[in-house]
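Everything on this sheet refers to the single structure shown next.
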Amino acid sequence: MRFDLEPPSSVAAAHRIGVLLINLGTPDAPTPRAVRRYLAEFLSDPRVVEIPQAIWQVLLRTVILPLRGRASAKKYAAVWMPEGSPLRVYTERQTEGVRHLLAANDYQVQVDYAMRYGSPNIAQALAQFKRAGVERVLLMPMYPQYSASTTATAFDAAFAALTRMRNQPEVRTVRHYADHPAYIHALAEQVRHYWAQHGRPDFAAGDKLVLSFHGVPKRTLDLGDPYHDQCQQTGALLMAALGLSTLECRVTFQSRFGKAEWLQPYTAPTLRELGEAGVRRADVFCPGFTADCLETIEEIGMEVRDEFLAGGGQAFHRIPCLNGASAWIGALGEIVAENLQGWPAKAAQPETVS
């Protein structure tokens, strides 16, 4: 096996620490070609689609990519920001926020981000850490709830990159933070901030808050994936923080792909049913998405909104994701700091003479 070329080892670099924030990924441009390239990588991951690859690749290349590439490109174009993809823009802002927060608290660490699919990829980010002399790495997925199709595959990619290194860094992973008090606080603050600006739903009159998480096939729950339970846990803690009951707030799952049964209840049908039942206002918040992206801006903000209004609803509100909110940056910094304990991450304090 050939190993990657590496700089000479340096004892002076032995205490350098890197924190890598990992998100899902995004096409490089809202064009059919770029979207097809991104989807080909994403949907070829056996952690994402658990179908024998010999069968799946034929279907993917001959049917799915040709059909979905152009349609998905139109959706990406509808949400694209002047600075680029929303997911990349917000992830970059989060990275910069955590970097500044840790530096302000005397942490001497390098903070960067990578995408599981697309660029910059995880192997590239780890190689950049290596060139900078980093010998300890904290992998921090931007997925609060653990799932094999998100968290595990991000770790897979990182460990695959390590197999090509002669001089591997020490590695720690953050498995999940679905119930972390700082994360729950940041979620509650995001909802409260939105309501302070746009008015609080009239729950006494029947208005609803819907917490929409990304869906996964139901069989993954039956096979032992903890994702569903952690989503429910996050939802319950957020409801408690907001002082809401299950009559006022409910958990749903979105982004179903294919014909197999996924985690239920599904978001879009739920919103249509609420509209048909006479619910006047529905607010939708996506706690599992730490940055706004196609699934939150287009799917929730446009498609799900239309379902609710078509059902008879009158007022639909999509509450933005955590993005660069100060409470979320603080929560990220707190979670990272907890997982850096035991490593020489902080600047040495000068001794005082009494």
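Backbone N, Cα and C define each Cβ position, glycine as well.
Database features, via Swiss-Prot:
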BINDING   HIS214, GLU295  Fe cation binding site
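In the three-state DSSP scheme, HIS214 (Fe cation binding site) is classed as strand.
For HIS214 (Fe cation binding site), the count of additional Cβ atoms within 10 Å of its Cβ stands at 25 [all protein chains shown]. In the shown protein chains, 22 other C-beta atoms lie within 10 A of the C-beta of GLU295 (Fe cation binding site).
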